[in-house]
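Colleague: Handing you this structure, nothing more for now.
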Amino acid sequence: MLPAGPGQDGEEGVSPQHLSRLRASELRSISGSLQVVVVCLEQERLASYLAVCGLVQGPLLRLLSATLRLRLRDLSSGGVRQELICEVARLGVYAAIGVLRLPDAPPSRHLARRFLLALLRGQALHAASRQLATLVQSVGACAPSVDAAAAAAAAAPAAAQGHAATPQHVLTYTCSLPALIHTVTSSCVQTMVAFADEEPRQRELVDELVAALEGSWALEHAAQGLLLQACNPRTRSFLVPGAVDVATRAHGILSWLHEYESDDGEGAVDRRLAATLRALASGCCVQHAARCIGLAVLCGADGGPAYGLPPELLAAFAPSAEPGAGGAGAAGEGGEMSDGDAKHLQAMVWMLGLRGPAPPGRRGALALMLRVGWLAVASASQARAVERAGGGGGGGGGGGGGGSTGASTSAAMAAPGPRRAVPRQEIFGVAATALEGAWPFLSLPGAVERAEASAAAVAEAADWWRLAAAVVDRAVPCSAYCAQPPDLFPLGDLLAVDWGLLPGCDVLSLPAEPPPALAAALDGGLLRCLERLMRRAGRDPRGPEATVLRALVDQACECGSIWSYLAPLLAYGEPRQAAALVATLRKLLRTVDWRAPEADEGCESDDACFHEALLLAVTRFLMPAKEREEAAADAAPGGAPPPPASQQMLRLLSCAACEWLPELAQSLTQALLCHGMVHPELLCALLEWLPLLAGRCVVQSPGAAAADDGSPPRRDDVRGGAGAGGEAADHDGGGWRALLMEEVGGVALLGASLRLVPRVADLDPERRLPFLRGLVAACCAVAAVARGLPWLAAGAAAGRPEQKQAGDSSSPAAVGQSGTEAAWVQASAAAAAAAAAAGAPAAPPPLPWRSGLLREAAAGLRSYGDQGMAAHAEGLAAYLERGAGSDGACEALRQAPPPPGPLASALPPPGEARRLLPGRCANPRCANLEGDSEADLTLKACSGCGAVGYCCRPCQSAHWRAGHKGECGRMRRNGGR
């Protein structure tokens with residue numbers, strides 16, 4: 001093609017003078033060869049690519065070193081030779097673009113990377129930038145220093161006059177240069193090979209590219225050239241097919257490289273590289289081009305305002321205006337936009353995130369991003385409506401995209417569909433990009449006093465949360481249609497906000513008003529959004545919602561704790577909605593697969609990963625119980641009642657304990673009996689709660705504490721703890737004893753937990769002492785309550801028409817019990833019934849715990865230096881060996897359970913707390929997660945007795961088989977209906 005000579009790897013190539021001296025026949029020969037190369041590369045077949053690239057790289061590099069340095073007079077002078085030189089230069093650019101548009105295979109990446117490095121080291125970008133600036137100026141464009149928007153408007157008349165003197169072949173070549181610059185930029189990432197030993201070469205390539213872009217201002221010149229060429233009808237026809245798509249791809253690569261260097265960069269060099277990339281993306285012309293391209297697509301899709309964009313630019317970048325565009329037609333004709341148009345929207349958002357102080361400013365950028373997000377949501381709504389209608393219908397006509405002005409989610413769904421919808425496979429990507437891009441533009445910080453936050457800032461944040469809730473509701477399900485599995489974790493990370501309220505603030509003294517960031521999230525519907533996410537994840541643990549929820553839990557634990565994230569939402573949220581979320585979590589716990597309880601083994605499936613995240617969330621929420629109790633004791637406000645937010649938090653904390661602890665206890669008991677091991681963190685959290693519950697069950701008077709004859713406490717010596725507001729509890733301790741001994745099944749749980757003592761060495765060293773200490777403390781507390789349980793249980797049994805007896809095999813506490821624990825429960829119930837019939841208290845049956853395991857726990861405690869707790873374990877073991885009624889109570893039982901602290905004392909009794917819950921299905925094992933909220937479930941009354949309701953037919957059948965059939969018959973015979 002050209003005389004052999006240097007030129008490979010950036011060495012000196014053929015000079016422009018040599019090229020200008022070639023004869024016309026030689027130029028035609030070169031042109032013909034280049035056409036063959038271009039055609040072969042356009043086939044995008046690996047074999048053709050490898051065969052051609054291996055032969056043409058050296059000659060092509062030498063050719064480009066000459067053509068990119070041609071002066072204006074070498075190209076624009078009249079004559080056939082100049083036309084042929086222009087054609088050779090243009091085909092050389094097309095061939096270079098073809099080499100860089102490589103097939104997706106490692107061999108082609110190696111070839112393309114070598115070619116790209118040679119271009120950069122040969123200062124091809126510098127030459128192309130200078131040549132493009134000269135050529136654009138020659139056709140009537142303004143100087144590069146003038147604002148791009150003003151240049152586009154002012155250059156059109158001058159360009160119209162200049163075109164008459166500018167040959168067509170020069171215009172054609174000029175239009176190819178922006179595509180070359182953008183292709184060189186975007187191919188940097190495409191040529192990367194995902195091997196560890198390739199990382200130094202990839203770093204070398206990135207460094208070379210950034211240095212070349214910084215030194216040449218090539219992106220600014222390419223953006224200005226693209227804008228000016230697209231504005232003029234004559235030059236627009238010469239644009240390289242896909243030129244706008246290539247520019248968008250380059251903008252996306254800039255954003256990706258900046259994020260990569262910002263996240264992974266550790267040294268000063270990486271920080272400098274990230275700052276340079278931001279400066280390159282913040283250029284006036286680059287930013288303006290990205291906004292024009294994206295805004296043209298956005299206006300054509302949602303019919304919204306153009307914010308003063310000149311009509312010439314709006315028309316130039318309309319999807320139907322670009323040659324070769326894959327759009328569904330002109331804006332306003334309905335249908336679906338192309339995948340490329342969706343990428344234009346994303347690139348606009350990415351580039352807005354890298355903008356400098358130039359327009360459109362913070363509010364303008366935020367408005368654009370929210371419009372893009374609501375367009376994606378409206379497209380998802382339309383796609384779902386079409387699917388439900390059986391696939392019929394097209395794009396909606398009329399007005400703007402739903403929510404482009406910050407409208408509520410319901411208003412967005414009710415609004416007319418978009419003129420041109422985002423393709424279903426691109427909906428999630430566009431929505432997530434807009435949501436993530438808009439977050440930094442909110443002016444409301446995470447933790448700020450309400451007096452410091454303006455109403456406008458809170459309203460902006462609330463609009464963002466409305467969009468977030470709509471994205472979770474409508475866009476996340478569309479991620480299943482993406483061509484490649486999308487990364488859903490960033491969305492979960494984005495929802496896990498640090499409210500800046502807890503744990504620094506005591507539960508008993510919460511502020512009257514929530515922090516502004518929390519108020520905005522609640523106003524935007526976060527509480528309902530979380531419950532929707534949980535219910536959908538429970539229905540499909542392998543679905544996208546489960547992945548988002550896992551990411552949210554992980555991020556919340558990293559930022560602070562699940563308690564700090566969820567507790568403020570419960571304290572300040574709408575009470576009914578907060579209680580519905582608590583009820584939904586109980587149903588989710590019923591779906592956990594306990595066959596693989598070891599968390600350290602890693603997730604073997606999506607189901608296991610979701611279940612582990614769920615257990616982690618519940619565990620981390622419940623675990624700080626002891627610390628919160630100690631903090632409340634240190635900051636006890638005296639006799640003043642807690643503020644309203646604290647009262648709501650206490651009701652919901654009590655509700656969570658009533659809802660979650662029985663499910664966790666039953667499942668852990670079953671897992672311990674079947675597998676012999678469970679997650680130690682979860683077990684320790686549950687053991688920590690048992691003394692707190694026991695403290696609410698029995699508060700003994702001094703006279704009762706002094707009794708040591710082992711007899712059951714008298715009626716006057718046993719009192720339930722005071723409930724919220726100081727009201728006296730009933731004979732059942734306000735329902736605390738039933739919760740601890742029947743629903744949680746404290747005796748059975750501890751019996752199973754004691755079996756872990758011989759395997760305590762299998763636990764991590766830092767978990768061994770807390771487990772042994774918590775186990776012995778819980779055993780002492782539950783044993784103390786069990787001494788007074790039979791008489792009290794008999795007195796409390798009346799008035800519970802649907803409650804199962806403790807020995808009933810279908811009762812929750814009996815699930816997963818061993819034969820010994822089940823026999824103890826039955827014996828306890830029988831003793832209670834006999835005592836009630838005789839009108840006298842009855843001695844409790846012996847606890848079914850193995851004393852040898854307690855002595856083994858005592859030995860372990862002594863080895864860690866905890867002599868006091870070891871003595872309690874020995875004393876309890878001796879008490880079990882003597883029998884409950886033979887000798888006096890041990891010292892451990894005299895001291896257990898401890899008096900409830902301020903926090904435990906303030907918890908409302910279970911009966912009061914459960915009144916917050918929405919109407920509950922009568923099936924005690926109901927796990928129906930249909931719908932978006934527990935509060936939305938409609939109960940259908942039993943057709944027989946009408947006294948209970950069911951959420952679905954399977955629940956009614958299950959409850960009927962579990963024993964309601966007989967109860968229903970008795971109620972009908974007694975006229976219960």
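Each residue, glycine too, has its Cβ placed from N, Cα and C.
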Colleague: Scan 185-206, 537-558, 845-866, 889-910 against TrEMBL and say which stretch is down as region 'Disordered'.
Modeller: 889-910
Colleague: Which of these ranges is annotated region 'Disordered' in TrEMBL: 622-648, 703-729?
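Modeller: Matching range for region 'Disordered': 703-729.
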Colleague: Under the DSSP assignment, what numbers of helix, strand and coil residues are found in the compositional bias 'Pro residues' (896-910)?
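Modeller: Per-class counts: 6 helix, 0 strand, 9 coil.
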Colleague: When secondary structure is assigned with DSSP, how many helix, strand and coil residues does the domain 'MYND-type' (923-968) contain?
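Modeller: With helix first, then strand, then coil, the domain 'MYND-type' (923-968) has 19 helix, 4 strand, 23 coil.
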